[in-house]
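Undergrad: Please find one structure pasted underneath; my questions will follow.
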Ligand code: S3P
């Protein structure tokens, strides 16, 4: 879906305690991968717990355009009849990935070693984001890309008719780039090797192994070396998508900063490549516990319990943790503003090329709410004001970024005056039930006319 239509301004104010059970939707990263790998298997993959947010629905639509049959039962079970590795058909329309960097980059990888062309576009946010980080390695397989200046969408990828395998060291910590190379490597003969210096989310590797591909990961002095044997026949799977830790972060952090709160967020994926926020919150002194730890569908899962934590202290979040919490810095900012002392976030340059420049978006909005923030090219520091002391009373720009919108709405649950966002519509990309879920816990978020 391109653009989000009419902006939906929203405001959030302090209410009573937040309490109850917050059943957040399925994991966005795993949902995209389930649809794409399902489309590359031979036969029928079933998916339960799929995130039905706009980003993932755009990927489902794209898989249909490449020839897979994708259907949904009334009970929310999805079926993907795959066309096999290398079996993608040439789409007869432009592929619109809406707001989703993950969707477009993974799909570009998956089609880049097929003898077809496809043209990709997105919304105003996605069309500003860099694609060369993906098209550079795809060129090594023999694919060609023609896009706008600076490697931006809209862009056409001409897939390699005779792909060669690739050995590629990912220059920035990015699971999207790693995954694009691995998905391209599926239809190249021989072994494709991806090296990442810092571990990023490993859902693609786990799911590839689940679908029957031969994929190994080795920790070496150079970093993690992932080796994939190309041209396997992928066996369809029954995938149960765990709930998204990046969405869980919002009710968890809200409970930590709203006096008297006690919230249970069940069934959250706690893959260590995703759990950095929860480590950081515990270091800050958050009353956050893991209950009922278990494994589901090859991913570690637990129920998270968060209670109001009035004694949280600022910490330094080290650069080496950035990849494991890259989507959670905006909501950490809301917590940091309510802690005592400074929270310093190091090595976060990648935040500048997300759905928005998240360092700038959070710094501007926090300052408007009365919080002191310092920032540089790849770092940011927030001077905590202590629990309940943030003035608020501002309207913050969400810049077509779901996580910026949700972070300021959560902040508004703790501030002296309400906090508004100019546009909450992008929330539907990843967390379409955010408003009713937070309302059921006791939050007061309203849509407003501006
Ligand atoms: C994702 C990887 C991350 C993350 C994004 C989801 C994925 O992006 O920010 O929300 O599913 O692979 P980068 O690869 O750009 O770090």
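The backbone N, Cα and C atoms fix where each Cβ goes, glycine too.
Predicted automatically and left uncurated, TrEMBL annotations should be read as such.
The following feature annotations were taken from TrEMBL:
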DOMAIN    17-436  domain 'Enolpyruvate transferase'
BINDING   28, 29, 33, 174, 176, 327, 354  3-phosphoshikimate binding site
BINDING   28, 101, 129, 176, 358, 403  phosphoenolpyruvate binding site
ACT_SITE  327  active site, proton acceptor
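Let's see these features in context: how buried, what's close, how far.
TA: Taken together, the residues of the domain 'Enolpyruvate transferase' (17-436) have an average pLDDT of 97.
Residues near residue 174 (3-phosphoshikimate binding site) in space but far in sequence (CB under 8 A, at least 6 apart, same chain), listed by position: 133, 200, 350.
Under the three-state DSSP scheme, residue 176 (3-phosphoshikimate binding site) falls in the helix class.
Residue density at residue 327 (3-phosphoshikimate binding site): 24 other Cβ atoms are found within 10 A of its Cβ, drawing on all protein chains shown.
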Undergrad: Give the residue from the binding-site residues 28, 129, 354 that has the most other Cβ atoms within 10 Å of its Cβ, counting over every protein chain displayed.
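TA: That would be 28, with the most Cβ atoms nearby.
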Undergrad: For residue 33 (3-phosphoshikimate binding site), identify the closest of the binding-site residues 101, 129, 358, 403, judging by Cα separation.
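TA: The smallest Cα gap between residue 33 (3-phosphoshikimate binding site) and any of the binding-site residues is with 101.
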Undergrad: Around residue 176 (3-phosphoshikimate binding site), how many other CB atoms lie within 10 A of its CB?
TA: 24
Undergrad: Run through 28, 29, 176, 327 for me and report the binding-site residues whose CA is within 10 Å of the CA of residue 403 (phosphoenolpyruvate binding site), in sequence order.
TA: 327
Undergrad: To the nearest whole angstrom, state the Cα distance for the pair residue 358 (phosphoenolpyruvate binding site) and residue 29 (3-phosphoshikimate binding site).
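TA: Taking the Cα atoms only, residue 358 (phosphoenolpyruvate binding site) lies 19 Å from residue 29 (3-phosphoshikimate binding site).
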Undergrad: Neighbour count, 10 Å Cβ-Cβ cut-off, for residue 29 (3-phosphoshikimate binding site): what number do you get?
TA: 28
Undergrad: Near residue 101 (phosphoenolpyruvate binding site), which residues of its own chain have a C-beta under 8 A away, given they sit six or more steps off in sequence?
TA: 126, 129, 176, 354, 355
Undergrad: Could you check the binding-site residues 33, 358, 403 and say which one's CB has the most other CB atoms within 10 Å?
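TA: Within the set of binding-site residues, the most crowded position is 403.
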